[in-house]
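To start, the structure itself, in structure tokens.
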Amino acid sequence: MFILTVIKLLLIALNIFPSRFTNRRIMFFIYMTNLVTHVMMDEPRFAQPIPNVTVAVGRDANLPCVVEHLGGYKVAWIHIDRQMILTIHRHVISRIPRYSITYTDNTWLLHVNQAHQDDRGYYMCQVNTNPMISQVGYLQVVVPPNILDIESTPSSVAVRENQNINMTCRADGFPAPKIIWRREDGEEIAVEKKKKVLVYDGDVLPLTKVSRNEMGAYLCIATNGVPPSVSKRIILDVEFSPMIWVPNQLVGAPSGTDVTIDCHTEAHPKAIIYWVYNSVMVLPSKKYKTDYTENSYRAHMKLTIRNLQYGDFGNYRCISKNSLGETEGSIRVYEIPLPSTPSKQVTHTTVESRENNIIPSSRNDTTKSLQTDVGYAMKNDLYPGSASSSSSGGSSSAASSSSTSMQTSALPGGAAGNSLSSVGSKGSLAIGKSMFYTERPPNEYASSVAGLLLHKALLLGSGFYLALL
């Protein structure tokens, strides 16, 4: 089909068709036909173009060159980018041992073993005809990404809280890799104070005014479409001085019972945490049980005091200390009376009810019991040892009628900063920083205590008068 097309073109060029034929033109036509037939049938020609080949670095690549009717001519391979003759016919000319040549079924196959990046470029298959014929193919050598540690942020980096930091991740490869950042724990990255993203694109990750919540492991991931992708793990440490939060700063418990107090602390670098009572470090023993739970830069410290005695009441301090500073929290453990028996409370209510001819009310019992408890507890707190010395008369009645719960509403001023907690309950006072507390409550409660004691004396006097009647 190709030969017929060539003949037709020659006829048109010679103006033979559809003009009338002459002997001269017929002879020229026969000559051209023989020439074209000779060229097409006997001269070398390329049967198909050289394909473009892509191979990963270190892998083998093959470039085919299919030549028909080669005859006595020879095929040569040339690396154009290097301007280097690689092979001629079946002989390897290049001194690079990774190149080799094979021939099968009119196909001259150039082998590139363990391809390097320098092997990337154009390759020419050439036949030494006159004029020379050739065709060109391209070998693409791709390189998977590789993170350059020498140009990137170290695997662990530290920064002071509220300062700025830029974390860098550089990578090479072909094509050029794309860098993305993400947090290992899946949390968002605060690129800007008003912008948070799960994934950040770019070689440099800028973090401004870093907070302790941004502490953790960051992953720098490099991809370029050539497997495998690579990543680098960078741990960001945010350093700050210790802080302590005390949930309950006043804890009440009866003698002979166990009580647990606790503190929460945050610090980085890791802080040394311990308890102090009467200027002496508290160590684990039969008397004290310590428990420390740590999670990242947070720690929860607990102290259990067993079998409370008179010498165990007072101020306990939880202390947190690291290289950047030291802080402490104060917890006061105070004594409250043991709960009274229900029968004595009923007798007390019955005497008063007989005098006033009213049915005993549980609500009135609760109110009187609370008043007695507060008066007794405040007296015992203000004047240590007074509880033991006033065991006769009205004091014994007040002590026996006390309950286990103390409510802040019974004190002047409500619950504003003076929450008290009894055994098994927690107060409402929680302050983020340690505060200093005096050994005794403020003087503003003195008048309240005196009023409650006077009210108690009047009630006891009325009961004694009824008993005489």
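Glycine residues also receive a Cβ, built from the backbone N, Cα and C atoms like all the rest.
TrEMBL does not curate its annotations; it predicts them automatically.
Copied from TrEMBL, the annotated features are:
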{"type": "SIGNAL", "residues": "1-18", "note": "signal peptide"}
{"type": "DOMAIN", "residues": "44-128", "note": "domain 'Ig-like'"}
{"type": "DOMAIN", "residues": "145-231", "note": "domain 'Ig-like'"}
{"type": "DOMAIN", "residues": "242-332", "note": "domain 'Ig-like'"}
{"type": "REGION", "residues": "341-368", "note": "region 'Disordered'"}
{"type": "COMPBIAS", "residues": "386-403", "note": "compositional bias 'Low complexity'"}
{"type": "REGION", "residues": "386-417", "note": "region 'Disordered'"}
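Helix first, then strand, then coil: DSSP counts for the domain 'Ig-like' (44-128) stand at 3 helix, 47 strand, 35 coil. In terms of DSSP helix, strand and coil, the domain 'Ig-like' (242-332) has 3 helix, 60 strand, 28 coil. Look at the domain 'Ig-like' (145-231): DSSP puts its residues at 6 helix, 45 strand, 36 coil.
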